[in-house]
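Asker: Got a structure for you, written out below as structure tokens; questions coming shortly.
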Amino acid sequence: MFGPMDTEMKQRKHNVTHRPRTRLGQSTRPKEVDDTGVEERTDTDKNMAAMFWIFKIKKRARLDCLILNRKSFAQTVENLFALSFLVKDGRVEIVVDEDSNHFVLPRNAPASESVMSKEVAYRHFVFRFGFRDWQMMMAGVPDGEELMPNRDTDSSAADMSQDTGHTEGAQPRTPIRKLTRNRGLVVQNDTVEETPQPQEEEEDETGARNGLHQCKRRLV
């Protein structure tokens, strides 16, 4: 049918919006990290290795002789901290004799399978240690019977102080600018000290006095 009697449904037009395409760059892949590398050893690991090396020479050591450091209370505490890890891992044990002296003995560490199956339990010990205890330990241990070596840290501190001294000496000085009375600009690299100028001050005082006399005459 034609004209106003035409009732045919018209199809709707769908507006399609095209987004601008971005150019793809080069494809990148994440870098593969090799976890099989050797991890850095901490200070505690180094102290544990040094302490366990002592037992290869001596099969038995007194506890106070093992951890004592006469030059540093902090290093004595660090030695005690390393000993606690050796006891926890089952690599050493602490025994007490009839005279109540504590001795440290090496032992074979348990296998990982026995630890996982809980056949072997970790061991810990409680040790109260303060500054006064350190002083008493120094009095009880003869000089020269300390087993753990002293870890020197003064050299690194001295190097750092020297480096900071060089950097401070190499810093540039900012120029100091001073405007003089004749409005000239003076640039100096050192500190500026103002020198007295007696002649100019006397001229200023005499000029001021003459001005006062003239004012008085006019008023009269």
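Cβ atoms here come from the backbone N, Cα and C positions, even for glycine.
Below are the features listed in TrEMBL for this protein:
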type: REGION; residues: 1-40; note: region 'Disordered'
type: COMPBIAS; residues: 11-22; note: compositional bias 'Basic residues'
type: COMPBIAS; residues: 29-40; note: compositional bias 'Basic and acidic residues'
type: DOMAIN; residues: 65-146; note: domain 'Non-structural maintenance of chromosome element 4 C-terminal'
type: REGION; residues: 143-220; note: region 'Disordered'
type: COMPBIAS; residues: 155-164; note: compositional bias 'Polar residues'
Asker: Across the domain 'Non-structural maintenance of chromosome element 4 C-terminal' (65-146), what does the mean pLDDT come to, as a whole number?
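Answerer: Taking every residue of the domain 'Non-structural maintenance of chromosome element 4 C-terminal' (65-146) together, the mean pLDDT is 87.
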Asker: Per DSSP, how many helix, strand and coil residues does the compositional bias 'Basic residues' (11-22) have?
Answerer: 0 helix, 0 strand, 12 coil
Asker: Taking DSSP states H, G and I as helix and E and B as strand, how many residues of the domain 'Non-structural maintenance of chromosome element 4 C-terminal' (65-146) are helix, strand and coil?
Answerer: 34 helix, 10 strand, 38 coil
